[in-house]
Amino acid sequence: MKKSSKEISPSQSLKNGGSDHFFNTSLMYVLAACLASFIFGYQVSVLNTIKNFIVIEFGWCTGNKVECDDSTLKSSFLLASVFIGAVVGSGFSDYLVQHGRRFSLLVIYNFFILVSILTSITHHFHTILFSRLLSGFGVGLITVSVPMYISEMTHKDKKGAYGVLHQLFITFGILVAVLLGMAMGEAPDAKSVDALGEFQKIWWRLMFFFPCLISILGIVLLTFFYKEETPYYLFENGKIEESKKILKKIYGTDNVDEPLKAIKDAVEQNEAAKKNSISLMRAMQIPSYRNVILLGCILSGLQQFTGINVLVSNSNELYKEFLSNKLITTLSVIMTVVNFLMTFPAIYIVEKLGRKTLLLCGCAGVTLAAFLPTAIANQIDRSSDLVRNLSIAATFVMIISFAVSYGPVLWIYLHEMFPSEIKDSAASLASLVNWVCAIIVVFPSDIIIKKSPTILFFIFSGMSILSFLFIFFFIKETKGGEIGTSPYITMEERQKHMGKSAV
């Protein structure tokens, strides 16, 4: 059979940014979006190493017990404020992405320029709390906007691998935040009455300012180099030729009839749903739609109960129960390096093993890591060196298990499991649930850690077992699926309900 004149060879495809190679044209678009993912990770982790320095400079705890108890509460609010803001942001993200995926990223970058400046000049608890709430709002926008942009801007066979880059850049942001925090020196006790040095007074403010520079870079890239919207959004808004043009870049070939047809089908299904008024509220009244929405929300919420954000945002406080101040920051750095490096394998195995298998493996790893120190602590002295060493080792195994599975896979899965007519709103709802659960987990972590770290590990172990069983029995594989489709709802089922709603 003779080759079509529109088809090109693999070598030609590679020259044009071919889809058969990981480093291609669409990767550049994805990386421009992943700068927002970096800001996400940085904002979640930045307080981990500098929280006590802020407590000392603002004089929240000067030795008085009541005053210091109040300081602990203020610290808890600062830790949780990002997650509280993210709840609001993720709820608003559905509205934002409807105006364009690239547009939403530009809004996010401009927003973080303002927030970074505001946080860096704060001098009071209320202003820093407000600034952190705003940071959380921006993070909430990122949780939906970036995965959606990646999902719509990549080759069908690379959605998994490129989707992992979102989580990779989150872990990179976490790592950079901890590394910059090392410049502050040894982590002080929050009850210290010693004044901070001049460098320390300036540096923690510069750390809050740093995302401003990343945001400016993101704006430059999206304004001057990667100016196109996603092909799905372009097609949806009647710009078919522009959609075809960007698809040619993504697939590295002039023959984009198949992906264009997939987008056309998804857009038509979505338009039919809009015309027939199938909103999120309407979908919740239909059993098949309600089922997939609830599954997505439960899967998203359970991710937080594995305990990852306690390890990321409060590891210094956790390690303080086991180690001297000299080792705390060093160990936190090692943990974030491990978190960053172990995200790389997920890029290559997410398409080979599939989403469900990776999720199951990750939950099994977290369960074993969290259960072992808890079980031993119940048999011997909880304060023994063995329990302490096992607890520290468990945090590393938990981080590794999460980094190769639940961390990156969830955000890929949420944009593959929902049918196109509810994808935007359902993904936003699932993201909102994720952040609500993060607040529930992170806010009391300071108090629980001071009481007994083994209680935390017991909770994480139990929730990971529950997550494993939930995924095993209820979650379906989405690997290789077409954009806008869902393994939970057949096309016939969708058309039937859309037809009914029109009656």
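Note: Cβ is positioned from N, Cα and C throughout, glycine not excepted.
Swiss-Prot lists 1-26 (among others) with the feature topological domain 'Cytoplasmic'.
As annotated by Swiss-Prot, transmembrane segment applies to 27-47 (among others). The list of residues near the transmembrane segment (27-47) in space but at least 6 beyond its ends in sequence, with Cβ under 8 angstroms from a Cβ of it, reads 54, 78-79, 82, 105, 108-109, 112, 132, 135-136, 138-139, 142-143, 145-146, 149-150, 153-154, 162, 165-178, 181, 207-208, 210-211, 214-215, 217-218, 221-222, 225-226, 228, 309, 312-313, 336.
In the predicted model, the topological domain 'Extracellular' (48-76) shows an average pLDDT of 71. Taken from Swiss-Prot, the feature topological domain 'Extracellular' applies to 48-76 (among others).
Outside the transmembrane segment (77-97) by six or more residues, the chain places 43-44, 47, 51, 54, 103-104, 107, 128-129, 132-145, 148, 309, 313-314, 424-425, 427-429, 431-432, 434-436, 438-439, 442-443, 445-446 with a CB less than 8 A from a CB of the stretch. What Swiss-Prot lists as transmembrane segment is 77-97 (among others).
Counting residues per DSSP class in helix, strand and coil order gives 2 helix, 0 strand, 3 coil for the topological domain 'Cytoplasmic' (98-102). The topological domain 'Cytoplasmic' annotation in Swiss-Prot covers 98-102 (among others), and the record cites a curator's inference as its basis.
The transmembrane segment annotation in Swiss-Prot covers 103-123 (among others), and the record cites sequence analysis as its basis.
Beyond the ends of the topological domain 'Extracellular' (124-132), by six or more residues, the same chain brings 47, 54, 58, 60, 74, 77-78, 81-82, 85, 115, 118, 208 to within a C-beta distance below 8 angstroms of the stretch. Residues annotated as topological domain 'Extracellular' in Swiss-Prot, with a curator's inference given as evidence: 124-132 (among others).
Under 8 Å from some Cβ of the transmembrane segment (133-153) lie the Cβ atoms of residues 26, 29-30, 33-34, 36-37, 39-40, 43-44, 81-94, 96-97, 101-102, 104-105, 107-108, 111-112, 115, 118-119, 159, 162-163, 165-166, 230-233, 246, 250, 411-412, 414-416, 424, 427-428, 431-432, 434-435, 483, all in the same chain and six or more residues away from its ends. The feature transmembrane segment is assigned by Swiss-Prot to 133-153 (among others).
Here Swiss-Prot flags 154-163 (among others) as topological domain 'Cytoplasmic', drawing on a curator's inference.
Long-range neighbours of the transmembrane segment (164-184) within the same chain, counting only residues 6 or more positions beyond its ends whose Cβ lies under 8 Å from a Cβ of the stretch, are 30-31, 34-35, 37-46, 48-50, 53, 146-147, 150, 200, 203-204, 207, 210, 312, 329, 332-333, 336-337, 339-340, 343-344, 346-347, 350, 403, 407-409, 411-412. Per Swiss-Prot, the feature transmembrane segment maps to 164-184 (among others); the stated evidence is sequence analysis.
The alpha-D-glucose binding site annotation in Swiss-Prot covers Gln167, Gln303, Gln304, Asn309, Trp411. Over all protein chains present, the Cβ of Gln167 (alpha-D-glucose binding site) has 28 other Cβ atoms lying within 10 Å.
What Swiss-Prot lists as beta-D-glucose binding site is Gln167, Gln303, Asn309, Asn339. In the three-state DSSP scheme, Gln167 (alpha-D-glucose binding site) is classed as helix.
Residues or ranges marked as topological domain 'Extracellular' by Swiss-Prot: 185-205 (among others).
Residues 28-29, 32, 35-36, 38-39, 42-43, 46, 50, 102, 105-106, 108-110, 112-113, 115-117, 119-120, 131, 177, 180-181 of the same chain lie 6+ residues outside the transmembrane segment (206-226) yet bring a C-beta within less than 8 angstroms of a C-beta in it. If you look up Swiss-Prot, you'll see 206-226 (among others) marked as transmembrane segment.
If you look up Swiss-Prot, you'll see 227-291 (among others) marked as topological domain 'Cytoplasmic', on the strength of a curator's inference.
What Swiss-Prot records for 292-312 (among others) is transmembrane segment, and it gives sequence analysis as the kind of evidence. Same-chain residues lying 6 or more positions outside the transmembrane segment (292-312) and placing a CB less than 8 Å from one of its CB atoms are 44-45, 48, 83, 174, 280, 283-284, 318, 335-336, 339, 363, 366, 370, 395, 398-399, 402, 406-407, 410, 413-414, 417-419, 422, 426-427, 429-431, 433-434, 436-438, 440-442, 445, 456, 459-460, 463-464, 466-467, 470-471, 474-475, 486, 488-489.
Cα-Cα distance from Trp411 (alpha-D-glucose binding site) to Asn339 (beta-D-glucose binding site): 17 Å (rounded to the nearest whole number). Long-range contacts of the transmembrane segment (429-449) within its own chain (CB-CB distance under 8 A, at least 6 residues past either end) are made by residues 72, 75-76, 79-80, 83-84, 86-87, 90-91, 93, 136, 140, 143-144, 280, 293, 296-297, 299-305, 307, 309-310, 313-314, 317-318, 321, 410, 414, 455-456.
In terms of DSSP helix, strand and coil, the topological domain 'Cytoplasmic' (227-291) has 46 helix, 0 strand, 19 coil. A separation of roughly 16 Å, to the nearest angstrom, links the Cα atoms of Gln304 (alpha-D-glucose binding site) and Asn339 (beta-D-glucose binding site). One way to see the shell of the alpha-D-glucose site is to take the Cβ centroid of Gln167, Gln303, Gln304, Asn309, Trp411; the remaining same-chain residues with a Cβ within 8 Å of it are Ser300, Ile308, Phe402, Tyr406, Gly407, Leu410, Asn434, Ala438. With a cut-off of 8 Å between Cβ atoms, the residues of this chain six or more beyond the topological domain 'Cytoplasmic' (154-163) that come close are 19, 22, 26-27, 30, 147, 250-251, 259, 262, 347-348, 350-351, 355, 408, 411-412, 415-416, 479-480, 482-483. Mapped onto DSSP classes, the topological domain 'Cytoplasmic' (413-428) shows 8 helix, 0 strand, 8 coil.
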